[in-house]
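Handing you a structure now.
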C-alpha cells in the first residue's frame, strides 16, 4: 500500500546545569537522568514514491522555530527537495523535564538562560538522525487506524474557563476533556511490526517542578513500555520497533487526577482563582494518582500504554489513498478574520497577560499572581513600565479583557521576544488528516478546529476523514483558548498571545489548507511570509565548563559510598562515585551512556548488561561541589521480578582537563561498584 519507515534517535542533550523547559522555574535546572529523550520519526511514501510525508514526535517540551529551521536546513543539504516545509511535521511531546535553551525568541531565553548550543544541537541532530534511520529503513507496508477511550488519566485544570463555552456546545460532549486516543499502526507487507503513533491529549506533567532528573514523563514512559515489550531482549533505546506517544489538544488537560489541593492545609482549591485561604495561589497544587511524582508518572503512563496496546492489537481499519501536505506561514499578529458577512475582527501583536505569571495547578508561578485576573496590578505594571516599557494603547485595546503583563510583540531587543510568523500545516495520509498546530489548544478549541477541518474536507469531496490534532508543532506560540474562555483570563487565556480572536484566525487558516487538500489545489497556496533566522551562535548564562577536580588521594570513578553486599527485589541499590560534570559527556558524544547494571554469568565468566541509563529503574544523580569537584550517585530500584544472582553497577563519565589556557580536553573514565548479591524474595 505504502512505503513505510520508522526511526528512533537519542536527543537527550546535557543533563546537568541546563534549566528544564516547561515550568518556567529558574531554579529547576538539570541534575541527572531518569530516562533518555528520543526523537521518533515515521515516513510514509506512495508506492511510486511521487509523494511522501514525515511525522516526528520528539521527547521535548515543544518544537521551536529555531529547531525546525535548522532541521529543515540539514534535510535540504542531505536530501534536496525530498523533505520540505510542507511535508515534514515536527511535534513535541511536551515533557516538562527536558533541557531548554533551543529557542531564538528572547522571552524563552529568560527561563532557559539563553540560547544553549549543546542543547539545541542535541535536539536538531537527534531529530535529523531519527529521520535518517526511518529513511534508510523504508519498505512496503500497510497502515491501520483505531480509536478508543482512555479513562482515569486526565482532568480539566481550568474547568471554570471551560464552563464559559456555550451550554449548547458543551451539551454535545460527555466530558470537559477529550478522552479519545487515536492510534496509527504500521506493519510491513510480511506482517512484521514496524511501529505506532498514538495521539492523546494530556500534559506530561506527572513529574512536578521540584524534579531535577531529565526524563520524558508519562508519555515517554508509555513509549518505553511499548518498545520494551516489542523489542524483546533489547535494552531501552535499542531495537527497530518505534512507539511514539504524541501530544494533541492538551492545553487545559492535566494528568494530576486527584485535582488541586492546598499543600499547607489539604483543602481543595478548585476555585476560579486556584487560590488557598492561607498562602494564596502558591499553595494550590494538583496531585497525581500515585504516592509521589514517580509513581504518578508510572500509573498515568501505564494507563496510556494499556489502552494503546489494546487499540494496536485490534486495529483492523486499513488506511489507503493518496498522500498530500499543505503548509503556509501566516503573520499571526495581523490576521483579519471574517466572523460573518458583516463582522471582521483582527488578531493582535503578541502579549502575555498577568495570569501567565500565576502558572497553573500543575506548576504554580512566582510572587503573588493569581489566575483569572482581568485587572492589572499597579505594582507589577509600574515595574514592567520601568524595565520593559509600557504596552501601546493599540495593543492594550486589542487584547481586552486581558491585562497585559509583557507586551512581547513590542519588545525587540536584542531580538523579538515572540514570533509573528507561524506555521500552519495539514498532512493527509489517505483518510487520516493530521493538523499540525503551533502550540497548546484547549479541549474546546481543539474540538472546534477538528470540526471545521472535517466539515471542509467532507463538503469538498473527502468524506469520512479521521481528523487528529498534533500539538506543539513547528513553532511555539503558547496557548489557544476559545473566545469565551479568553474572557475569564485564567493561565491558558493569559497565554493566548495573539488576542481573543486567535482561535478564529487559526480556524480560518486551517480551513483554507483543508480546502486545498480536498480540491487538490495545494500547489496554488501562497507560501506566506518566511520566518526570520536570527544570527545567534551561543548566548547563555549557563556557567562555562571548568576543569574537573578530585578530592585528595582520590581519582575519577573512585567509589565514595559503596553498595551493600546483599539486596532483595524492590529494594534500592545505591553507590556514589567521584564524578565529573555530565555536560562534558554530552558535548563529546551524543549517545553517551552514563551507567550500566550488569549481571555475572558464571558459565562464560562474563558480565552481561541488564539495565542502562535509559531504564526506568535506574536514576543517575549529579551533585556539584566546590571548585570543580562533584559526585555521582547511581540508584537502581530493583524490580520485583529481578533474577537472583551477582550484580554490579558501573559509571561512565568524562572529565575536563586543561592542557593550556586555550586548550582543554575531555578524558573518559569509569567507575565500578563492588559486586552485590540479589537474593530471592
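Here the Cβ of each residue, glycine as well, is placed from N, Cα and C on the backbone.
What TrEMBL shows for this protein is this:
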type     : residues          : note
DOMAIN   : 2-508             : domain 'Neutral/alkaline non-lysosomal ceramidase N-terminal'
BINDING  : 94, 203, 440, 479 : Zn(2+) binding site
ACT_SITE : 254               : active site, nucleophile
DOMAIN   : 511-678           : domain 'Neutral/alkaline non-lysosomal ceramidase C-terminal'
Relative to the mean position of the Cβ atoms of 94, 203, 440, 479, the recorded Zn(2+) site, which additional same-chain residues have Cβ within 8 Å?
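Nearby residues not in the site list: 247, 250, 251, 253, 439, 471, 472.
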Does residue 254 (active site, nucleophile) have same-chain partners at least 6 apart in sequence with Cβ under 8 Å from its own Cβ, and which are they?
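Spatial neighbours, sequence-distant, of residue 254 (active site, nucleophile): 154, 155, 156, 157, 202, 203, 205, 286, 360, 361, 362.
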Report, as a single number, how many Cβ atoms besides its own are within 10 Å of the Cβ of residue 203 (Zn(2+) binding site).
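26, counting other Cβ atoms within 10 Å of residue 203 (Zn(2+) binding site).
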Out of 94, 440, 479, which has the highest number of nearby Cβ atoms, where nearby means within 10 Å of its Cβ, if these are the binding-site residues?
440
In the predicted model, what is the mean pLDDT computed over the domain 'Neutral/alkaline non-lysosomal ceramidase N-terminal' (2-508)?
96
